[in-house]
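Annotated active site per Swiss-Prot: C18, in sequence order. The ATP binding site annotation in Swiss-Prot covers G516, E517, S518, G519, T520, G521, K522, S523. Marked as domain 'Peptidase C39' by Swiss-Prot on the basis of sequence analysis: 12-138. Feature annotation from Swiss-Prot assigns domain 'ABC transmembrane type-1' to 168-450; the stated evidence is sequence analysis. For 483-705, the entry in Swiss-Prot reads domain 'ABC transporter', with the evidence type sequence analysis. Per Swiss-Prot, the feature transmembrane segment maps to 167-187, 205-225, 281-301, 306-326, 388-408, 418-438.
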Amino acid sequence: MNKKKKYVHTKQFNSHDCGLACISSILKFHNLNYGIDFLLDLIGDKEGYSLRDLIVIFKKMGIKTRPLELQENKTFEALKQIKLPCIALLEGEEYGHYITIYEIRNNYLLVSDPDKDKITKIKKEDFESKFTNFILEIDKESIPEKEKDQKKHSYFFKDILFRNKLIVFVILLTSLFVVGLAVAGSFYIKFLVDLIIPRSLRESLITITLIFISMVLIRCIFDFVRSYLIIKLSYKVDKEMSNVYFNKVTKLPINFFENREDGEVISRFNDGIYIKDFFSANFVTAIIDIILILGLGVILYRTNNILFLTIILPILLLSCLAILFFDHLKKKNQKLMEDKAKSTSLLINFLKNMTTVYSLNKTSFFLEKFHLTYDKQLNSTFSVAKAVISNEILKGLIQNSFTIIILWVGTRQVLNDSMSLGTLLFINTLAAFLLSSLDRILSMQSDLQQAHVASIRFFDVVNYPVQQDSNENLTELDFIQNIKTVNLNIGADPMRYIVEDINLILDRKDKVLIIGESGTGKSTFAKSLSKLYKVPDKSIYLNGLDINRYDHLSIRKRIVYIDENPFLFKGTIKENLCMGEIFDQNEIENACIMSQCHEFICNLDKQYSYKLSENGSNLSTGQKQRLALARAILHQPQVLILDESLSNIDPDNTKLIYETLHRMDCLIILITHNDPSNFKYNKKLVFRNNRIIESSYSENKEYSI
């Protein structure tokens, strides 16, 4: 008998992305862990999504769908014939409201409504009153298999635990010794009250005291070993998470970064600290505390069952309190992390552009925007703190009240000679241990919620689908003879392509000029040639072979794209030019001579060992652009694409660089807004309205046309 699949619920981010949430639920139901973030990149952020938009998203993933309009008054007869789960369109705002139907039962439907917090039931009559009669049926057979690199949260951490099982075992063992010795120490007061004092055993007092002091010393040694190993495990978890995260970041498509603020990517990584802390410390502590609660429970039951039952009551009350606050804290922590990401993004954006802020005298605007955003973060922090404090106060009320009640019940038994005073003090100590362990577990609630929300945000990046080069038949690109595009269309929305119907042939020694206004698709076309964007099959050919048949890393070695914002990091000029590759000094200097930056480098202190600041802020923009060009030339591309990358270089140096480009034995593509007078090209392409509206060609490569 097949195991029944668990129904998946995805909550919408905003009021208009219910359709994306429904798609995500269906994909996750079929073991494809794709969230709303990924789906947004497929279609773009809109104010609402039509049924056609949903069909387009499924189509982009290779999944077949069938839109249906059901007859009125025959809704449920028709629904019984449809493959579930499916997406239903209900009446709502402009684009309506989407829900996922999982089951149809006698009087109700089991659905995932993205506006709700979980899977819900909807009565048939309520459904019919809102139903628009439109259904989107999904062909299960066309749904692809689960991506190999997708990691479930639990599997990821189980794998870490398995690889560090010896450390985890020793941590658990030493923790048990620490707890056991701490509990054993409680017998000291029982011995004093019931044995030593009544019988005046002065000599035994010294012996027993030394034994218990030795136990304290041994406990401290075990505690040190335990703490050291927890730090070591934390280090390994941190290293594993950072490796997984940044290895994935380096494989993400370019539109992932274009559609997100810098602070969002950084904050998701920083959120990992909540996961690491909970996993490495709280997780182990929770296991020990659970063992301690069970062990002490047995001891208390065998010692005095009446007091045991008295202690059970606060445990039940505290557990109920934790359940009541669980969802409440989850929502507040999620809001807090989102607000932190927005504050970080805004701060990074302004700090990177303080020159503009100062030059326009807009510091007051910056402060106003920052305080407005940061105040939202502070309000979220305050809201979380209030919820945590309320929880702690109620826990304290229960614990302190029952501490008195336990002593009251125990004292009555001592007065009735049902129990000795030493036993009461011993039980009270054990009860304090038990309630303290329970308190630690329940206090993890906020940490657990933070770790849970952080793991969702963290694994949204880790599980983001990337361009896979798993095909064994992929070809290594060694040499580019020509590039051909056939009906090339690039864009998320088929109704509004960014680049549309591009047909051309470029040869190895061509010098190509592309001009056009901003937003006409020039950069998108250029990035597609180097496969920075996903390219449709049979639309770009390199040497007559589909670009998707080549390994994309080898493509980017041969085709180098440079934009107008040169990337320079904190380090020497030589380090920035080589970026991990090994070149001899002559090669480096020749590349710099070709890009007209050798002279100004020689005038710098330490020349090629001159230290650049972050983003090369101690150089002019024109100098940075020349360094970026030198780096590209140094890596010997066969196709060099310059997208406004010479825009800030002075005219004299620009003219010399154009002459160098003309002599280079490779395909040059220069993208500008205007026709440069000094650039010698043999092909010219004019972009307008996302198409090439004009192309001209000259056999004579020595002169501009």
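Placement of Cβ uses the backbone N, Cα and C atoms for every residue, glycine included.
In the three-state DSSP scheme, T520 (ATP binding site) is classed as coil. Between the alpha carbons (Cα) of E517 (ATP binding site) and the residue listed as 'active site' lies a span of roughly 36 Å. Note on the domain 'ABC transporter' (483-705): mean pLDDT across this stretch is 87. Around the Cβ of G516 (ATP binding site), 23 further Cβ atoms fall within 10 Å across all displayed protein chains.
Taking the centroid of the Cβ atoms of G516, E517, S518, G519, T520, G521, K522, S523 as the ATP site, the other same-chain residues with Cβ within 8 Å of it are F687, N690. Looking at S523 (ATP binding site) and the residue listed as 'active site', their Cα atoms lie 32 Å from each other. Contact between the transmembrane segment (418-438) and the transmembrane segment (306-326) is supported: at least 3 Cβ pairs lie under 8 Å, counting only residues 6 or more apart in sequence. When each of 167-187, 306-326, 388-408 is scored by its Cβ pairs under 8 Å to the transmembrane segment (205-225), the top-ranked stretch turns out to be 167-187. Tertiary proximity for the transmembrane segment (388-408) is limited to same-chain residues at least six positions away from its ends with a CB under 8 Å from its CB atoms, namely 307, 310-311, 313-314, 317-318, 321, 325, 329, 424, 427-428, 431-432, 435, 439, 442-443, 445-446. The C-beta environment of C18 (active site), restricted to residues of the same chain at least 6 apart in sequence and closer than 8 Å, consists of Q12, H97, Y98, I99, P114, D115.
Least crowded of the binding-site residues (S518, G519, G521, K522), judged by neighbouring Cβ atoms within 10 Å of its own Cβ: S518. A sphere of 10 angstroms centred on the C-beta of E517 (ATP binding site) encloses 11 other C-beta atoms. Counting only residues at least six positions away in the same chain, the Cβ atoms of F687, R688, N689, N690 sit under 8 Å from the Cβ of T520 (ATP binding site). Counted within 10 Å of its Cβ, the other Cβ atoms near S523 (ATP binding site) come to 22, all protein chains included.
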